[in-house]
Amino acid sequence: MSKHTPQVGFVSLGCPKASSDAERILTQLRAEGYEISGSYQDADLVVVNTCGFIDSAVEESLDAIGEALAENGKVIVTGCLGAKGNVVQQAHPSVLAVTGPHALEEVMGAVHEHLPKPHDPFIDLIPPQGIRLTPDHFAYLKISEGCNHRCSFCIIPSLRGDLVSRPIGDVMSEAETLVQSGVKELLVISQDTSAYGVDVKYRTGFWNGRPLKTRMTELASALGELGAWVRLHYVYPYPHVDEVIPLMAEGKILPYLDIPFQHASPRILKAMKRPGDIDNTLARIRRWREMCPDLAIRSTFIVGFPGETDEDFEQLLDFLEEAELDRVGCFTYSAVEGAAANALPGSVPEEVKLERQAIFMDTQSEISAAKLAKKIDRRMTVLVEEIDEEGAIARSYADAPEIDGLVYISNGENLQVGEFAEVVITDADAHDLWAKLV
Ligand code: SF4
């Protein structure tokens, strides 16, 4: 009779950074011979990877822990919520262990304690690229953890600590393995990608024996040699961001920058304690576009921050109209427990926040529709995401997965998911494009 292989259930909530932690834990579990169970009933214990960023995420995480306890009974909690004092233990005293984010060893220690390692793990259970939660053709590449800024609305630094950059050799080896295993697109993530290496004074590391500085430009350039799409997320507009634009113009990395501006009124940005200098931003965007006309810029903004006046909001709209960003998300300000901004005066009534959000999105919608209409008749390379009865659904260089738009290919039914295709754009709305294979 075969011995029972220990089974671990896994529930992962939260952002791409949390997913990246989850991937490491899953990889380690499989490497040690544990099986990952698809149901609470078959699992010997359950690991819940939580998010604690906003109050609704806290609730969602606590509910998920409650459900795992009710369905299985043996639960280990990890992730951001675990770093928030005793919140988890108070709500669910029967959990077996609680750790914070980025705590692979602690999680594995807790698993070993409550569910001993199998004696004879198959060493080849684990593919070299590890276990990933994203589809096979794209992968998030986390380059650092934590953040040196102290934006007044954010509690990430208190949850995850100051910036710690991963060694550039490790990042490059991971990226190389991912590409060798069939990944077509690498999404570089962190809390602040442009600050990569600041904590180690841009130390020189090694990749395949070649010296490389721990710095965003050097990393982007080396990633660009791997032959996959490389997309940069969470880039703050520091002066050295100018250095990656030529890499985009040369086609080494995607001409795409995700820059969370959050606002455009210097007064509000000061209250938010945001990094970067907004005064020169418009001129820089103009210069970047001269260097790389295809550059797609994505950003997020917060409206209704404490003290935001009609004038501040007007300034934000003016910026939006001048900057003509390609992709934009807009959130209404909501207080996060423990954030310094909660103590600021001038809270904005909920209905005003919602009204400003609607005006903001209408304004952007027009900008976006006009920008996308200019793409009609252009040829583009797209990456296929899904095939359905109407054809294929893909993404262009300007579309990050899940947050940006899509390209619908009417005659793409014979394409494969994860394949690059050449299309010509036939139609556009304010968000998506329609195309035909060329
Ligand atoms: S840059 Fe600001 S918003 Fe982003 S993680 Fe750091 S403190 Fe939070």
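Including glycine, each Cβ sits where the backbone N, Cα and C put it.
Annotated features, as they stand in TrEMBL:
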type: DOMAIN; residues: 6-116; note: domain 'MTTase N-terminal'
type: BINDING; residues: Cys15, Cys51, Cys80; note: [4Fe-4S] cluster 1 binding site
type: DOMAIN; residues: 133-370; note: domain 'Radical SAM core'
type: BINDING; residues: Cys147, Cys151, Cys154; note: [4Fe-4S] cluster 2 binding site
type: DOMAIN; residues: 373-438; note: domain 'TRAM'
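Known features from TrEMBL, placed on the structure.
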| residue | record | Cβ contacts under 8 Å, 6 or more apart |
| --- | --- | --- |
| Cys15 | [4Fe-4S] cluster 1 binding site | Cys51, Phe53 |
| Cys80 | [4Fe-4S] cluster 1 binding site | Gly14, Ala18, Thr50, Cys51, Gly52, Phe53, Gly100, Pro101, Leu159, Arg160 |
| Cys147 | [4Fe-4S] cluster 2 binding site | Cys154, Ile156, Pro157, Arg160, Asp162, Leu163, Gln191, Asp192, Ala195 |
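Looking at the domain 'TRAM' (373-438) alone, the prediction's average pLDDT is 94. Taking a Cβ distance under 6 Å to any atom of ligand 1 as the criterion, the binding-site residues Cys15, Cys51, Cys147, Cys151, Cys154 reduce to Cys147, Cys151, Cys154. DSSP assigns Cys80 ([4Fe-4S] cluster 1 binding site) to a helix. Annotation for the binding-site residues Cys51, Cys151, Cys154: lowest Cβ count within 10 Å of the residue's own Cβ, Cys151.
In terms of DSSP secondary structure, the domain 'MTTase N-terminal' (6-116) contains 53 helix, 22 strand, 36 coil. Of the chain residues outside the [4Fe-4S] cluster 1 site list Cys15, Cys51, Cys80, Leu13, Gly14, Lys17, Ala18, Thr50, Gly52, Phe53, Ala57, Gly79, Leu81, Pro101 have their Cβ within 8 Å of the site's Cβ mean position.
Surrounding the centroid of the Cβ atoms of Cys147, Cys151, Cys154, where the record places [4Fe-4S] cluster 2, the chain contributes additional residues within 8 Å, namely His149, Arg150, Phe153, Ile155, Ile156, Pro157, Gln191. Broken down by DSSP into helix, strand and coil, the domain 'TRAM' (373-438) contains 1 helix, 32 strand, 33 coil.
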